[in-house]
2 protein chains.
Amino acid sequence: MYIMEQRTEIAELGEFGLIEHLTKNFETHNASTVMGVGDDAAVLDHFGKQTVVTTDLLIEGIHFDLMYTPLKHLGYKAVMVNLSDVYAMNATPTQITMSIAISNRFSLEALDEFYEGVFIACEKHGVDLVGGDTSSSNKGFIISVTAIGEANADKIVKRSTAAKGDLICVTGDLGGAFLGLTLMEREKKIYLENPQLQPDLENEDYIVGRLLKPEARKDMIEFFEKNDILPSAMMDVSDGISSEVLHLCRQSNLGCVIYEEKIPVSEASRKAAYKFGLDPTVCALNGGEDYELIFTLKQEDHDKITLNEEISVIGYMTDITDGCKLLTKGGNRFDITAQGWNAFQK
Amino acid sequence: MYIMEQRTEIAELGEFGLIEHLTKNFETHNASTVMGVGDDAAVLDHFGKQTVVTTDLLIEGIHFDLMYTPLKHLGYKAVMVNLSDVYAMNATPTQITMSIAISNRFSLEALDEFYEGVFIACEKHGVDLVGGDTSSSNKGFIISVTAIGEANADKIVKRSTAAKGDLICVTGDLGGAFLGLTLMEREKKIYLENPQLQPDLENEDYIVGRLLKPEARKDMIEFFEKNDILPSAMMDVSDGISSEVLHLCRQSNLGCVIYEEKIPVSEASRKAAYKFGLDPTVCALNGGEDYELIFTLKQEDHDKITLNEEISVIGYMTDITDGCKLLTKGGNRFDITAQGWNAFQK
């Protein structure tokens, strides 16, 4: 939480003044963006390429907590989670629309912070902001983002096309965002009980960064392109890999084996997990919001990824009758169940 | 308000079960829909056509009141207001994404009602539901819709391309939705003060229908196509024509003259206005949510529209130095000011 030095009421600008104000620094980068903000709809041209579309609705108190989420990070993350879905199709994001609803507790300066994060995310990924909607809410901050991307038809990777024997791979490391959330929730609780105490983030930059500033894996899509790799199936890791791997199995009509010892967990996450009395593997399997990619790969392509330290092979696809299994370090075999984030069971 | 006979808790299905349940009746119609719901993103193919994208965020208590809005109508309207923006580009809507967030006061049966309205709207306009997101909210119903459409590049009509001397035309009639809202708000107030009293809608079907079941003007886009008409500028009427005509003038760098006597108001709306002690012209100018089209047309095209009773010529574009003027029935000349709905000044 921080203090705003200046406070301009949103009502002073009116809706259209506000949209102009918020979008004035956004320039378009993509040849496919024929027209952006300022008409009934944006106009895109995707001559000969396929378009992918994905959308997310983020609600204060459900998907984020402004008590420990700086608005700039929130803007950045709101874009990033949608770009992650586009990359998960092996496509390149080209445009987003951003709609927000806010109560009058937010000033123009607060909104500017939010849009600064949106701007940085768009710039970093070469994405054009082409539309949106701003309105008021009775309570809380509501964000809706739609991302559009493009790819050649033969490059798009679905969830449903894995084959038996394919390797299961994940990028980066897992569980960090969940551990960052655990830390922030702990500090929030302490602060609410005793506002005099300063937050103790104990050099936990890594897990806090994983929570507040996730990075969609554009680099991986570029690596695939450069090395002539086409995953057989792919999705992004937003709910935790136990949930995601079950999606891949169900949609591809297969089973799988995952090796616990192969699941990538960073040293920082492992330490944090032990400090909080949590099992690092459980955090990696069931913690959400890592925004890594999970994909399957034909075995003959294994050589193409071995030198990339950002990719871990964690298992392989099996027959549907073999079920979805986790092989633990101790040699036990468990059924994988989705413990991922379920918005309706809070 | 009505009573649900059955109540299934949303949590019983889980998020993915819920999405499957809600979208199971939706089939895809458009050749451009390569893949719909069920992956990280939908896949569209717009070979050689331009794509238009528009999005809207609708929030309970701000944009709609569930006390007098049946959920089925709400679903229908949520789609319709977005399709209206696509038609306002002279484009054909092809896909939508629909994201919703709901609190646990809504049952599955309530959501089914909502999606039934979404389904009917999609079927009627040949639009495919290709994605979305469902999550929970702490309070209230939140809806985010993104609509995608396509058009040949030379057929897309912007707001900024009107020319001096062009005729200003509107479709249908205006002010009805605002009068419907006025009636419903009055009835709500009476009900809250005395719940024993039954609502008295006094044969006001027309204005109530204008509010609860707006119809995006697909027929007009088809009429333009059939009669080789290309408006010089166009937008949809969501905030009231005084606001919309100012947008057209500002974005085209022009002024305008509007004739009060030419503004189309239905007999039902006129009667309702008098009953509520309101000026029908003010309702037509400043009332929102009619979802008609306002467009400009070269004078030489006038003959092409004269036989269409759904189109009224209400004025013409002038030089920017002449300002934006309303010529009243009494012969007075007023500056047009935007009194349209401003979400931030409630």
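Every residue gets a Cβ built from N, Cα and C, even glycine.
Residues or ranges marked as domain 'PurM-like N-terminal' by TrEMBL: B:38-150. The Mg(2+) 4 binding site annotation in TrEMBL covers B:Asp40, B:Thr54, B:Asp85. For B:Asp40, B:Asp85, B:Asp236, the entry in TrEMBL reads Mg(2+) 3 binding site. The Mg(2+) 1 binding site annotation in TrEMBL covers B:Thr55, B:Asp56, B:Asp133. Look at TrEMBL and you will find B:Asp56, B:Asp85 tagged as Mg(2+) 2 binding site. For B:His63, B:Glu289, B:Trp341, the entry in TrEMBL reads substrate binding site. What TrEMBL records for B:Tyr115, B:Gly132, B:Asp133, B:Arg159, B:Ser238 is ATP binding site. According to TrEMBL, the feature domain 'PurM-like C-terminal' maps to B:164-319. Under the heading Mg(2+) 5 binding site, TrEMBL lists B:Asp239.
Feature map: annotations from TrEMBL on the structure.
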residue	record	contacts (Cβ under 8 Å, 6+ apart)
B:Asp40	Mg(2+) 4 binding site	none
B:Thr54	Mg(2+) 4 binding site	B:Asn82, B:Asp85, B:Val86, B:Thr146, B:Ala147
B:Asp56	Mg(2+) 1 binding site	B:Ala78, B:Val81, B:Asn82, B:Asp85, B:Ser144, B:Val145
B:His63	substrate binding site	none
B:Tyr115	ATP binding site	B:Leu22, B:Thr23, B:Gly75
B:Asp133	Mg(2+) 1 binding site	B:Thr97, B:Ser99, B:Ile100, B:Ser144
B:Arg159	ATP binding site	B:Ala233, B:Met234, B:Met235, B:His247, B:Leu248, B:Gln251, B:Ser252
B:Asp236	Mg(2+) 3 binding site	B:Ser84, B:Asp85, B:Tyr87, B:Ala88, B:Ala216, B:Arg217, B:Glu244, B:Tyr291, B:Glu292, B:Leu293, B:Ile294
B:Ser238	ATP binding site	B:Val81, B:Ser84, B:Glu244, B:Gly288, B:Glu289, B:Asp290, B:Tyr291
May I ask you to report the DSSP-based helix, strand or coil state of B:His63 (substrate binding site)? coil
Cross-chain proximity of binding-site residues to A (CB under 8 Å), evaluated over B:Tyr115, B:Asp133, B:Ser238, B:Asp239, B:Glu289: B:Asp133
Sorry to bug you, but what's the C-alpha spacing from B:Gly132 (ATP binding site) to B:Thr55 (Mg(2+) 1 binding site), rounded to the closest Å? 12
DSSP composition of the domain 'PurM-like N-terminal' (B:38-150), residue counts helix/strand/coil, works out to 35 helix, 45 strand, 33 coil
Counting every protein chain present, what is the number of Cβ atoms, excluding its own, within 10 Å of the Cβ of B:Thr55 (Mg(2+) 1 binding site)? 28
Under DSSP, is B:Asp236 (Mg(2+) 3 binding site) helix, strand or coil? strand
Taking the Cβ of B:Asp239 (Mg(2+) 5 binding site) as centre, how many other Cβ atoms lie within 10 Å? 24
What is the total of other Cβ atoms whose distance to the Cβ of B:Asp85 (Mg(2+) 4 binding site) is within 10 Å? 27
Do you know the mean pLDDT across the domain 'PurM-like C-terminal' (B:164-319)? 94
Taking just the CA atoms, what is the gap between B:Gly132 (ATP binding site) and the residue listed as 'Mg(2+) 5 binding site' in Å? 26
By the count of other Cβ atoms within 10 Å, pick out the sparsest of the binding-site residues B:Gly132, B:Glu289. B:Glu289
